[in-house]
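J.: Input: one structure, supplied below.
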Amino acid sequence: MIGRDIRQLQSKHPEFVARMESYYRWNFIALAFDSSIYAFAVAALSQDTIIPYFVEKLTDKSWIIGLVPAIYYFGFFLPQLIGAYLVNGRRTKKKFVLKVAITERFGVMLVAIVAQLFGLFSNTMILILLLVAYMIFSVTNGMISPGYSDFISKSIVKNRGFFYGFTNGLGGIIGFGSSLFSHYLLDNYAFPFNLRILFWTALATSVISPIIIANFKEEPYPEQVKPEPLGTFIRSIPKHIKHNPDFSRFMISRAVLGLGVLGNAYFALYNRHTLSLPDASLAIFNMIILITQSVLGFLWGWIGDRFGYKVVYVIVSLFVVLQGVFGVWAKAPWMFYSIAFFIGGVYASIRICDPNMIFEIAPTSETGRYIGINNTLVGPVMTMAPLIGGLLVDLFSHQVLFYSVIFVGVISALLVISLMPHIHRERS
C-alpha cells in the first residue's frame, strides 16, 4: 500500500523516492528496533501504573496522582510544536533526532536518581523532584516526535500500516519483558528498592537506542524550505488549519477521543483496592496493556492499510465506552484486567493511526509541521483529562468518573463517524 503523500512525491521527485526506497529494508529494521528497544524504558516509567504507584507512596491525594498522566501528556504533546519548528526547513532530520534521543536518556536517569534519594528527603520533596524529573522525560519524549515521524514518512514509502503494526508488536514484546520484570520486582522486593532496580535497568537498556539512530540512512529532501522565524511559524497555524478542512476535522474528532484518557490513571489503583489485589497486579495490568498494543497494533495497521484509519478510530471510541462500563461494574479480576485490554487498544490506535492520518493529509514538505500542530492542539485536552478525572474522584466518586468515561466514548464515536475524513490507500 502506498500513501497519497508518496504518490505525490513520486510525481515530483522520483529520484528521491527511488533512493529512499533503496534504503527501505535497512531503515525498516533500524526504526523498528529503535522504537521497540526504547519501549522497555517507556513501560518501566508507565504513566498509568508504575509512576502513579510511586506517587501513591508519597501522597494520598487523588488529584496529585492525576498529575502523573497530565504531566506525561503535557510534556509529550505540547512541546511538539517547538520540535516541529526546530526541524522545519531542515533537509535532513537524523542529526536532530539523535541529539534529542541522547537528551531523553537524561530524563530517564533523573527519575532513577529520585528513586535513589527516597528516604533522604521528605516525601513532599521527593514528590516534587519526581514530577520535575518526569516532566523532563516527557518533554524530550515528545520533542523528538515531529522530526522522527517526518523521517519515517520519507523512509517507509510503502506498507506503513504493516510497519507500525510490526514496530508496535516488537515493542510490545520488549515492553512485555519490562512488565514481567516489574511484576517480579514488585512481588519480591519492597518499595523503594523494587523501583530503584527497575529505573536503573530502564536507563541501561535505553542507551542502545541512540546507537541505532546514528545508523539510520537518509537522503536530503530535494526541496529547500526556507526556515521561518518562530513568530511567523506560530502565526501561520490558523492558516494551515483553515486551508486544510480534512486536517481540522481530524483534529476535532481526535481531541475528543483524547479526552477518553481521564480515567486511565485511576482504573488500576481503584480496582486494586476494591478487589484486594496485590501490588504486583499493577505490573500485570501494565503487561496486558502492552500485549494488547502489540497484538492490536498489527490489526489496526492491517485495517488502516485496507479500509482506512477512520474505521479504527470508531472501534477504539467504543473501547473507551467499554473501559468505563467495566470500571463501573468490575466485580472480578478478569473484568479489572479487561480494562487494560481496552486501554492498550486505544494506545495502539494513537501510536499507529495518528501519524498515518497526518501523512495522508499534510503536504509532503510539511509533515513535521502538521504533526506538531496536531499534537500541540490535542495535547491540552489529554493533559487536562486526568486532572479532571482526579477532581471528579475528590469531589464525587470513582463511579462518577467512570460514567464520565462512558459519556466521552459515546461522543467520540459520534464525532469520528460524522467528522473524521475517510482516506483510502492504493495498492503498490
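Keep in mind that glycine also has a Cβ here, set from the backbone N, Cα and C atoms.
Since we're looking at a predicted model, the values are computed, not measured.
When I checked TrEMBL for this same protein, it listed these features:
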{"type": "TRANSMEM", "residues": "23-43", "note": "transmembrane segment"}
{"type": "TRANSMEM", "residues": "63-87", "note": "transmembrane segment"}
{"type": "TRANSMEM", "residues": "96-119", "note": "transmembrane segment"}
{"type": "TRANSMEM", "residues": "125-149", "note": "transmembrane segment"}
{"type": "TRANSMEM", "residues": "161-185", "note": "transmembrane segment"}
{"type": "TRANSMEM", "residues": "197-216", "note": "transmembrane segment"}
{"type": "DOMAIN", "residues": "224-428", "note": "domain 'Major facilitator superfamily (MFS) profile'"}
{"type": "TRANSMEM", "residues": "251-270", "note": "transmembrane segment"}
{"type": "TRANSMEM", "residues": "282-304", "note": "transmembrane segment"}
{"type": "TRANSMEM", "residues": "311-329", "note": "transmembrane segment"}
{"type": "TRANSMEM", "residues": "335-353", "note": "transmembrane segment"}
{"type": "TRANSMEM", "residues": "373-393", "note": "transmembrane segment"}
{"type": "TRANSMEM", "residues": "399-420", "note": "transmembrane segment"}
J.: Same chain, outside the transmembrane segment (311-329) by at least 6, Cβ under 8 Å from its Cβ: which residues?
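T.: Non-local partners: 253-254, 257, 260, 263-264, 267, 270-271, 300, 303-304, 335-336, 338-339, 342-343, 345-346, 349, 352-353, 398-399, 401-410, 412-413, 416-417, 420.
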J.: I'd like to know if the transmembrane segment (251-270) touches the transmembrane segment (125-149) in this structure, counting it as a touch only when three or more C-beta pairs sit under 8 Å and are separated by 6 or more positions.
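T.: No, these stretches are not in contact.
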J.: What stretch of 63-87, 161-185, 251-270 shows the most Cβ pairs under 8 Å to the transmembrane segment (23-43)?
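T.: Out of the listed stretches, 161-185 contacts the transmembrane segment (23-43) most.
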J.: Within this structure, do the transmembrane segment (335-353) and the transmembrane segment (251-270) have 3 or more Cβ pairs under 8 angstroms, counting pairs 6 or more apart in sequence?
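T.: By the criterion, they touch.
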J.: If we skip the immediate neighbours and take only residues 6+ beyond the ends of the transmembrane segment (96-119), which ones have a Cβ under 8 Å from one of its Cβ atoms?
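T.: Distal contacts: 38, 41, 45, 54, 83, 86-87, 90, 126, 129-130, 132-134, 136-141, 143-144, 147-148, 151, 192, 195-196, 199-200, 202-203, 206-207, 209-210, 213-214, 216.
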